[in-house]
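Features of the protein shown, as given by TrEMBL:
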- 1-21: region 'Disordered' (REGION)
- 32-167: domain 'EamA' (DOMAIN)
- 60-80: transmembrane segment (TRANSMEM)
- 92-114: transmembrane segment (TRANSMEM)
- 126-144: transmembrane segment (TRANSMEM)
- 151-169: transmembrane segment (TRANSMEM)
- 181-202: transmembrane segment (TRANSMEM)
- 181-312: domain 'EamA' (DOMAIN)
- 214-235: transmembrane segment (TRANSMEM)
- 241-260: transmembrane segment (TRANSMEM)
- 272-290: transmembrane segment (TRANSMEM)
- 296-314: transmembrane segment (TRANSMEM)
Amino acid sequence: MSRPAPVVRSPVTTARGADPVSTTARTRDATLLVAGAAALWGLDGVLRKPLATALDAGTVVLWEHVIALAVLAPGLPAALRAFARCRWRDRLAVVVIGVGASAVATALFTQSFALAARSHDFVTPLVLQKLQPVFAIALAVVLLRERLRPSYAVFVLPALVGAWLLTFADPLDVRVSELQAALLAVGAAVLWAGGTVLGRLVSTALDPREITTLRFGFGLLGAIGVVQATGAAVAPGWGNLPGLVLLALIPGLFALVVYYRALRSTPASRATLAELAFPATAAVVGVLFLHTHLSGTQWLGLAVVAVAVTLLGWHESRRPAAVVPSARESEPVRG
């Protein structure tokens, strides 16, 4: 990504007809890196399943944030200084990312996974994340003034159809066995979609490491609130610590670092489409490791999602690259 490249044109533009970024830094489109990070999130289920059934959702989320923030602690003072220099709008966005998209969304998702374990359907809560593009595109239009190019629909529509096929064993007989689990998963999708859009917004003022550190910092405060509100236990037990460490560091911290680096050169709407790699990977993990069975139409949906995301990245890499802001090109004003 550091090598100069032709400018990739985005399928989304601002009301002024250009990407909502500055013209000083240019980089390759990173849609496939976003998809790679999302695929790591898809591995989450293997680690979360035993934890979700053994611990309260609040306990899992609390320790995910404690462990990740412990690793990021050396960079916390610098991240807080950068946060203090941000405009009030960026500060608010960071807090919402941490409390909403990190703590509350993860708690909702963990609880939906725990409820899904009763019916041994670990795929449905995961693939319901297909709704993220619907929410994120609406939020991107409102918050980032993005306007969709017609070519974007060429990738959006097949991806959404594929995600629908992937969600239900019989796409013409829509039944959600655990309505509560589904609603919790949808709630998580809304918050994660908001995190995608707000992450794009603050990526012009903060570098990826700062965003990640602040996300887990404010997320820890949100997780403490979740524990207090739900009455979840604080201590996880020694036997659960190895799983919590792996969960926090691999599909958690490492995936987020990759994600935020890629997000700096990927418009929010396109990034959210690439994140459909998350439910696709999750479905494969569900079949291979969690003993969930997919129907023929679900396998078809999985293939459609994978092809749509791959072709999106290939298509954008062949177009002039989006002009990307430098996080340090100007000092953020105090808000």
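Numbering starts at 1 and runs along the chain as it is shown here.
Just so it is clear, glycine is given a Cβ too, placed from its N, Cα and C backbone atoms.
Caution: TrEMBL annotation is automatic and unverified by curators.
Listed by sequence, the residues of this chain that lie at least six past the ends of the transmembrane segment (214-235) yet keep a Cβ under 8 A from its Cβ atoms are 55-59, 61-62, 64-66, 68-69, 72, 76, 79-80, 83, 94-95, 97-104, 106-107, 206, 253, 256.
Take the transmembrane segment (272-290) and the stretches 60-80, 92-114, 151-169, 241-260: counting Cβ pairs under 8 Å, 151-169 has the most.
Remark: the transmembrane segment (92-114) makes no contact with the transmembrane segment (151-169), by the rule of 3 or more CB pairs under 8 A.
Using DSSP to sort the residues of the domain 'EamA' (32-167) gives these counts of helix, strand and coil: 116 helix, 2 strand, 18 coil.
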